[in-house]
Amino acid sequence: MAEKESNGVRVCVTGGAGFIGSWLVRKLLEKGYTVHATLRNTGDEAKAGLLRRLVPGAAERLRLFQADLFDAATFAPAIAGCQFVFLVATPFGLDSAGSQYKSTAEAVVDAVHAILRQCEESRTVKRVIHTASVAAASPLLEEEVPASGVGYRDFIDESCWTSLNVDYPLRSAHFDKYILSKLQSEQELLSYNNGESPAFEVVTLPLGLVAGDTVLGRAPETVESAVAPVSRSEPYFGLLRILQQLLGSLPLVHVDDVCDALVFCMERRPSVAGRFLCAAAYPTIHDVVAHYASKFPHLDILKETTEAVATVRPARDRLGELGFKYKYGMEEILDSSVACAARLGSLDASKLGLQKG
């Protein structure tokens, strides 16, 4: 969509102050769109002020709305008048305690129902685009493999759905809760496309591990995980190991490519709907460690354990078939993640041999 076509077009970004949401808000404002961004607390000046300062001179095209996942009706004012709605990922640690819901998954599914209804009632929404997670697209087989007990499909693709009935090494009850919320919310959203007369299209993008850079003042957890072999952070390195066991590889994508893909799906004409995996590279932890060891030979890089994992690649690139192109490969994602972490103080730039700033 040309910039002149974006003039007057209103889009809603839920979770606008988050890692992906803030980058997306900036990109949309730069392209000339009017953005309705939701925050859990518009009185939090650190977050609200950051969004207002993202693009100089664009403040008049940014409206901030207070909305809470556990009170889905609060999203209605932000959605009203918008032609496109971006449902950005739920915060990993969101706590349902004190709400009417038994779990985050229950709250998310209820919010999906409410938001879809609000989009219908708006009579303006043309497309809803959701940042899903590749963690809900595991190629693990339900049948046990005699040698290891764990097996994978030959490829990962959009037909893969994570089964919580399959055990795998390093499985975590905490991570299971996250998977369940992402799994159920994505399936609920996609089911809308199969209704009798849907009022708009739904697109979901199951994202790989999102890293690279941030406009926030701290390194996001996924960036911390991407640089874990360099920082030697065992907890963040543990997330890489869990993902590799779950997925048979470590899908990576740069946050800028994620937001380009989201905008691509919004601007796609005349129609786009359904599920599209979004990852630029599918390395193993061994590949990531090897890159860092080559880049920083003077450092003691945290290495992978000896457990064997099959390397599962994508069967196809459905986004690419539509015309989307990734700008960042594995090396660029990892290198920019290190630079980001060093800039924000999560890594010691002097030890890396980098200039901080």
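The backbone N, Cα and C atoms fix where each Cβ goes, glycine too.
Around K182 (active site, proton donor), a 10 Å sphere centred on its CB holds 28 further CB atoms from the protein chains shown. DSSP assigns K182 (active site, proton donor) to a helical segment in the three-state reduction. The active site, proton donor annotation in Swiss-Prot covers K182.
For V88 (NADP(+) binding site), the same-chain residues 6+ apart in sequence whose C-beta sits under 8 angstroms from its C-beta are V13, T14, G15, G16, G18, I20, G21, L24, T131. Taken from Swiss-Prot, the feature NADP(+) binding site applies to R40, K47, D68, L69, V88, A89, T90, Y178, K182, L207, G208, L209, V210, T222.
Here the Cβ of G208 (NADP(+) binding site) has 27 other Cβ atoms within 10 Å, regardless of which shown protein chain they belong to. Neighbour list (R40 (NADP(+) binding site), Cβ cut-off 8 Å, at least 6 residues apart, same chain): Q66, A67, D68.
For G208 (NADP(+) binding site) paired with K182 (active site, proton donor), the C-alpha to C-alpha distance reads 13 Å. Cβ neighbour density within 10 Å is lowest for D68 among the binding-site residues D68, V210.
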